[in-house]
């Protein structure tokens, strides 16, 4: 757009002028000069060029025309714009002339989502020249002279257009294949390394061993052989009553066997999880969640058994204390050697079980940490795949908007045809154009032939399928309208 200085003419000195005041702004007002035709749009050959920063395609290249009729009354006409012209909240029919009056509300385009008003809204006013001059928008005079030189720079040459049609689908396939393959590599490698680092021979000793709670290995440990020797030195004669101790040990062994069974189930479940991880490269989320749930259930059962085992261990220690008190009362009746052997044997079994449970607990915690880390990696890879898919869709949308639009209707090509000059248009648009001129709208060469471009049609149809439902519906409506007009 031109500089603000280009607004002022030599004969402008006072008087009242008609203009379109931008609603809510003290700038970018559009002056309506007597005797002149005012065109508004985003193209180059217009009086006022409006380039939307929010939605560049909201304003058509030649959106509307304002001019005076024979009686000097200002009028407005919608020049077949895409998003329409609205006068006092009512949309105007294309190519129909409507009179405007002071105070009328004019809207160009439609409001975007979550917004009440459109970006370009104006009010027809008549003010003094000194009042409206500081707020006027610069005119587009200096670009009009360069319009012819810039037209030929917008489109591709024949070789570039054919290269785009030939490379478009393949490039898209390559990018999509990269999206599906690159995340898969970490999955395979992690799966193999996990299986290699946890073979059955390595898992068996872990999962068949026993797991205690931390409290059991702490302060509640029964007296060792040293305390038994001291006890022997104080006692001369001791008698034995091993029935209560033996029953407690039997109960303890039964509980240990139950924990062993749970450990076996944990081993089978771990192997099943590894097999599922190895077989599904992209990860079956439902199966993984199910296996994790079963693993958590087994873990909760194991924790419950550990709690029961700890209670039994405490009961066993209490029983040992009671037996010790009982032995103190039976020092003269029981032999010293029998008591020493029974206590030493019981304590050795107890210590062996505690050590085995400690090793089992550490190994089991290491396995759980490895599985949690593997699950976190799987989630991160899924998020990367989703982000890459969104990037591909965004790139496809950019290609459609920037490269596959008809210069006449500003829409994606519908039944694209290529002229002898290598420029492409919609079949309907170029037919309508040829009713007025038999020359290319871009390079102005005579139209000698038209060739239907199946490559462009197929490319656009496949890419539109991945866009939003609004774009699809608008394209279907536009195709139906053009078929009806034929």
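Even glycines carry a Cβ here, placed using N, Cα and C.
If you look up TrEMBL, you'll see 304-395 marked as coiled coil.
Under the heading domain 'FHA', TrEMBL lists 38-92.
Among the features that TrEMBL reports, domain 'RING-type' is placed at 406-444.
What TrEMBL lists as region 'Required for interaction with PIWIL1' is 68-72. Using DSSP to sort the residues of the region 'Required for interaction with PIWIL1' (68-72) gives these counts of helix, strand and coil: 0 helix, 1 strand, 4 coil.
Per TrEMBL, region 'Disordered' is recorded for 182-225.
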Grab the same-chain neighbours of the region 'Required for interaction with PIWIL1' (68-72) for me: Cβ-Cβ under 8 Å, and only residues 6 or more beyond its ends, written as numbers and ranges. 34-35, 97, 99
With DSSP helix as H/G/I and strand as E/B, how many residues of the domain 'RING-type' (406-444) fall in helix, strand and coil? 8 helix, 9 strand, 22 coil
Mean per-residue pLDDT computed across the coiled coil (304-395): 84
